[in-house]
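Q: Quick one: structure below, then a few questions.
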Amino acid sequence: MLALISRLLDWFRSLFWKEEMELTLVGLQYSGKTTFVNVIASGQFSEDMIPTVGFNMRKVTKGNVTIKIWDIGGQPRFRSMWERYCRGVNAIVYMIDAADREKIEASRNELHNLLDKPQLQGIPVLVLGNKRDLPNALDEKQLIEKMNLSAIQDREICCYSISCKEKDNIDITLQWLIQHSKSRRS
C-alpha cells in the first residue's frame, strides 16, 4: 500500500513539478556531439552529419526533465566560445572520439584548458568516449588514464564509454544527466 501511495505521489509531482536543466556539449570536431543530441532527442542515428558551425541549441524532454542542450562546434575556431556557453550550466558534457587515438592528446589538452577557467569551477563534467563500436576504441579505464581525469579534483567527474550508432550506454548517460538536473547553477 505504501509503495502505491509513493508511486501516486511521484506521478502527481511529475505533473506539476517539472525539472529543467541546461548543459553544454563540447569536444573536438567529429567526436559525435550532434549525433548524440539527435540520438537522445529522437533515437535517430545518421552517418551523414554536417559539422556544427558555431552552435545549436535544442530542448529535449525526458520524463519530467527538460534538458536545454548547447551543442558547440568543435573546430579550432569555435573552441574559444566553449567557456562562454559553459558558464552557469548544470553540467558540461565533453565528447571524445574514443577510436581516434591521434586526437586524444589534443582532446585532453582542450578539456583541461577549459576546466582551468575560474568561471567554470565546480560544474560537474560527464566525459563520453563515443564510437566504442569501432575497432581499437578506448574503453572507460583507458579514457580515464589517457585524458588524465584523475587530476581533476575540483568537481564531480564521470566517464562513460558509449556508442551513438549502437545506442550503447545512452540510458546510463541520460540517468546521469537527469540526476544532475537538480545541480545548482551559479
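Cβ coordinates are placed from backbone N, Cα and C, and glycine is handled just like the others.
Bear in mind that the values here come from a model prediction, so they are computed numbers and not experimental data.
From Swiss-Prot, for reference:
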| type | residues | note |
| --- | --- | --- |
| MOD_RES | MET1 | N-acetylmethionine |
| INTRAMEM | 1-19 | intramembrane segment |
| BINDING | 29-35, 71-75, 130-133 | GTP binding site |
| CROSSLNK | LYS141 | ubiquitin cross-link |
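Relative to the rest of the structure, where do these features sit?
A: Cβ environment of SER31 (GTP binding site): GLY74, MET95, ILE96, ASP97, ASP100, SER107, ASN130 lie under 8 Å away, each six or more residues apart in the same chain. SER31 (GTP binding site) falls outside any helix or strand according to DSSP and counts as coil.
Under DSSP, LYS141 (ubiquitin cross-link) is assigned to a helix (H, G or I) in the three-state scheme. Long-range Cβ contacts of LYS141 (ubiquitin cross-link) within its own chain (separation 6+, distance under 8 Å) are none.
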Q: Counting other Cβ atoms within 10 Å of each residue's Cβ, which of the binding-site residues GLN29, THR35, ASN130 comes out lowest?
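A: Sparsest of the binding-site residues GLN29, THR35, ASN130 by Cβ contacts within 10 Å: GLN29.
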Q: How many neighbouring Cβ atoms, not counting its own, are there within 10 Å of the Cβ of LYS33 (GTP binding site)?
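A: Cβ-Cβ neighbours of LYS33 (GTP binding site) within 10 Å number 28.
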Q: Counting only residues 6+ away in sequence within the same chain, which have a CB under 8 Å from the CB of ILE72 (GTP binding site)?
A: THR24, LEU25, VAL26, LYS33, THR52, GLY54, PHE55, PHE78, MET81, TRP82, TYR85
